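Structure record follows, encoded as structure tokens.
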């Protein structure tokens, strides 16, 4: 199916797009668009591991400010901007080099579905976890991450039903806010997040309120409205309500299972290993959404239950029933490693299949030689 996207965000249309149009002119024509997409993703990953190194358990900013060197926050602002720029110009570059392919679209959205959680997890290091005085509780982090992922899912569920990707306003705004937050932290230190800003509210509280407000009162209603409009115009891809709602089943079950684990964990797993648990949430979600994106691109029907829900259900049952006992953290670590490996393997396999099927290389504009 032909890719179509609509962007109505004034920030994007009037400020960012003109910047990207200037940047794109510097990119050499021999560079493959997927290379731009992938470079941005690698930068986000590298930055995430760098922050994790200084702040594994999300306490560095709260306990003794200055544990994370200033250059790390500056580097975070730099990598976030680069990733944002690369993600915004890859499609333009593909049209410039006449190399737009379904592989490129899938590559872009597939990596975005993973990057979304990594952005959020990196940002949590700025505000630090609750230590009784300042910070955000690990449960707030979990809810925050879930809402961001829910928003991402909505825009792709909408595309599955309407065939058009309405780029959420939240995307450009969140990237600019992230870059500003890192620059602010590097300029004045993490202390800025630990003093009330307005009426006894902290910056982090305000951001959480804004995020929830944006999602529930802007993003989600807009999604439903766009689907309703397509229904009236008779341009919906799926005739039945069942088919239209099908892609939501696995992500919602995933969220239910994870939440049950968070709430009923005997060892309070989220508080013990927030970094591992939230990373696993992001990877699992990305895999489920990639399936939806592929179904939407190939006009096929997604399966009712993503395979991943079965091993997860087993692990959650073993954890909350007390079967795992003191090994719960170790099991989470192994499970997280396996999920991550499975996701990377899945991405590599899909990429290879598509590159063979479309007779192109992933990271090069040269055509494959027909065997």
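Keep in mind that glycine also has a Cβ here, set from the backbone N, Cα and C atoms.
Matching 98-116, 117-135, 136-154 against TrEMBL, the residues noted as transmembrane segment span 136-154. Per TrEMBL, the stretch carrying the note transmembrane segment among 162-180, 276-294 is 276-294. Your range for transmembrane segment, going by TrEMBL and the list 70-86, 223-239, is 70-86. Taking TrEMBL as the reference, the stretch among 1-22, 199-220 described by the feature transmembrane segment is residues 199-220. Within the chain carrying the transmembrane segment (26-50), a Cβ under 8 angstroms from the stretch's Cβ atoms is held by residues 72, 75-76, 79-80, 82-87, 89-91, 93-94, 96-97, 99-100, 103-104, 107-108, 111, 114-115, 118-119, 121-122, 361-365, all 6 or more beyond its ends. The stretch in 70-86, 136-154, 241-264, 330-348 that contributes the largest number of Cβ pairs under 8 Å to the transmembrane segment (276-294) is 330-348.
Outside the transmembrane segment (70-86), and at least 6 residues removed from its termini, the chain residues within Cβ reach (under 8 Å) are 19-20, 23, 36-37, 39-41, 43-44, 46-47, 50-51, 54, 115, 119, 122, 126, 175, 178-179, 182-183, 185-186, 189.
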